[in-house]
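Student: Below is a structure I'd like to ask you about.
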Amino acid sequence: MNRPIYYSLLLLILPTFSLLFRPGLHTTHDFHFFRQFEFDRCIADGIFPCRWSANAGMGYGEPVYNYYGQFPYWLGQVFRFVNFSVIDSVKSVFIVSLLLSAVFMYLLARRFWGNLGGLISAAFYVYAPYRAVDVWVRGALPESLAFVFYPVILWVLDLYLETPRPKYLWALALAGSALILTHNLSALMFVPFALVWYFWRAGSLRRLTSAPGLLLAFIASLLLAAFYLFPVIFESRLVTLSETTKVYYEYGLHFASLSQLFLSRFWCYGGSVWGPNDTMSFSVGHLHWLAPLLTLTWLFLRRQFRSPITVYCLLFTFLGFFAIFLTHGKSDFLWRLLPPMLYIQFPWRFLTMSTLWLSLASGVVSKILPNKIIPYLLLLLLFTNSGFFRPDIWRSITDSQQFSGQLWDEQRSSSLSDYWPKYASRLPAEFAPSLPDVVSGNVAIFGFQKLSQSAEATLAVDSESAEIRFPIAYFPGWQGKVSGKTLAVYPSGELGLVTLKLPAGIHDIRLSFADTPVRRMGNLISLAALILLPVSYSIKIKNHASA
């Protein structure tokens, strides 16, 4: 381990997250503090994997974690287990995303440029303007954490191509599943670029026969994530997820201009709007595109066409600029040609890929610049980009303040149309009431309590029968038990709320959110994969040792 390099790297990237050490939080577009809070309640109630967010959907609940990657919140729970607040746990995950992405980019890039080049690539990777947008403007926790897994996968893949060993395949399976469980859209964007990387590296190293093993690793990553992927594939039709590609979210309204990408240093904390008047930055980073282009020009002028560093830099730069092309309106034909890209929503999300490849390419400058010049290049990078890594508004508040009052209402009414069950004919306009609604019959309600994945009520029916509607959005999996006996529940009303019929008498009712056959199958496949992977690895190791 080269400790001076890692210490230097830590000092270099410290300004990107140092302001997160203050008490409180920064304002962002996304609501991951709320989702971590809800996830924490789910874990505290002994539920795993989490599927339901009880306070989302204006208090009616939504199946948020059935469709949204859970890995960032798993990591957040690690900090919760050591008694961090919810706010500090989320901030810690942001810090981890910056730290680990730098470390793994260094490990990847040094295979091509050496230690100094690896340090340069790592610094460029963290200081890209889009990284600041993710952390300090959008607050996009999953997308920020996904930056860790891109270089991990490429690094381990390169190690396997150089020296095929089972441990690298298992590492690829784990890293691949972690990326899927972190942000499925990031995985969708990354896979085509990773395939280009593989065919290039495998061809140059004459390792194309490695394909079957890598295919198994890819399948293993899907199996590990099956508990998440099965509902996404087979149950997405049950919610309004398709609405996330329409109106405001239609990709064609969010292409970036060449000026925004290459020239502008505009910085603001607004959002992406229709047309060119966006109030957030889509900058690639001046040094990020200039460094590899100028280096390639110098290499071509020196006629080093077949030099390995020229070939490496050319490929990485090409991939980076192709990613930039996908953010521009001229790529519209590709977006129309590939329907799954519609779910990416914002073409500028491909700045994740341009950041990856151009940062990797930028390490090449260590091969042409004198060592004494490198510190000045890094200082220039810090001088031009470190100012982006700061908050707009800082709120010096605690968990109890963040998750109460007006702030609480803002959070539980956020992203309302993303995962609202289709059993409703409209979205809610008001917050959920605190008690069930009596649709018919004479009913006295003595108590009602909602937990993270369940609800309990005690009531008396003073009529032949009664119909009770609970302030919970119906979704497959909700089931009811009355005095220990299972009773059918069904959706009713404009909001499609959980409803049941009761006979006369005093009843203790328990509603619980259980897994459907699709979710159970996904759970079982993931569990089997989690058990079989280490077993198969142990067998491989024993066979290798006895050979």
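Note: Cβ is positioned from N, Cα and C throughout, glycine not excepted.
Grabbed the feature section from TrEMBL, which reads as follows:
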TRANSMEM  89-109  transmembrane segment
TRANSMEM  145-161  transmembrane segment
TRANSMEM  168-200  transmembrane segment
TRANSMEM  212-234  transmembrane segment
TRANSMEM  280-301  transmembrane segment
TRANSMEM  308-326  transmembrane segment
TRANSMEM  346-366  transmembrane segment
TRANSMEM  373-389  transmembrane segment
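Just tell me what is around each of these and how deep it sits.
Tutor: Residues of the same chain lying 6 or more positions beyond the ends of the transmembrane segment (89-109) and with a Cβ under 8 Å from any Cβ of it are 5-6, 9-10, 12-13, 16-17, 20, 25, 32-33, 36, 72, 75-77, 79-80, 117-123, 125-126, 131, 135, 141, 144-145, 147-148, 150-152, 154-155, 158, 359-360, 363.
Sequence-distant contacts of the transmembrane segment (168-200), counting only residues of its own chain at least 6 positions beyond either end whose CB sits under 8 Å from a CB of the stretch, comprise 69-72, 74, 142-143, 145-146, 149-150, 152-154, 156-157, 159-161, 208, 213-214, 216-218, 220-222, 224-225, 228-229, 232, 315, 319, 323, 340-341, 343-344, 349-350, 352-353, 356-357, 533-534, 537.
Only residues 6 or more beyond the boundaries of the transmembrane segment (280-301), in the same chain, are considered here, and those with a CB under 8 A from a CB of the stretch are 124, 127-130, 132-133, 137-138, 256, 260-262, 264-272, 307, 309-310, 313-314, 316-317, 320-321, 324, 327, 348, 351, 354-355, 358-359, 361-362, 364-365, 368, 377, 380-381, 384-385, 388.
Long-range Cβ contacts of the transmembrane segment (346-366) within its own chain (Cβ-Cβ under 8 Å, at least 6 residues beyond either end) map to 105, 108-109, 112-114, 116-118, 120-122, 124-125, 128, 130-131, 143, 146-147, 150-151, 185-186, 189-190, 193, 249, 251, 254-256, 272, 282, 284-285, 287-289, 291-292, 295, 309, 312-313, 316-317, 319-321, 323-324, 326-328, 331, 335, 374, 377.
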Student: Mind pulling out the one from 212-234, 308-326, 373-389 with the most Cβ pairs under 8 angstroms to the transmembrane segment (145-161)?
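Tutor: Most contacts with the transmembrane segment (145-161): 212-234.
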Student: In the same chain, which residue numbers or ranges, 6 or more beyond the ends of the transmembrane segment (308-326), come under 8 angstroms Cβ to Cβ?
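Tutor: Tertiary neighbours of the transmembrane segment (308-326) are 112-113, 193, 196-197, 200, 204, 261, 284, 289, 292-293, 295-296, 299-300, 334-335, 347, 350-354, 356-358, 360-361, 364, 367.
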Student: Please indicate, using numbers and ranges, the residues of the same chain that are 6 or more beyond the transmembrane segment (212-234) and have a C-beta under 8 Å from a C-beta there.
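Tutor: For the transmembrane segment (212-234), the list is 49, 51, 63, 66-67, 69-70, 157, 160, 164, 169-170, 172-177, 180-181, 184, 198, 518-519, 521-523, 525-530, 533.
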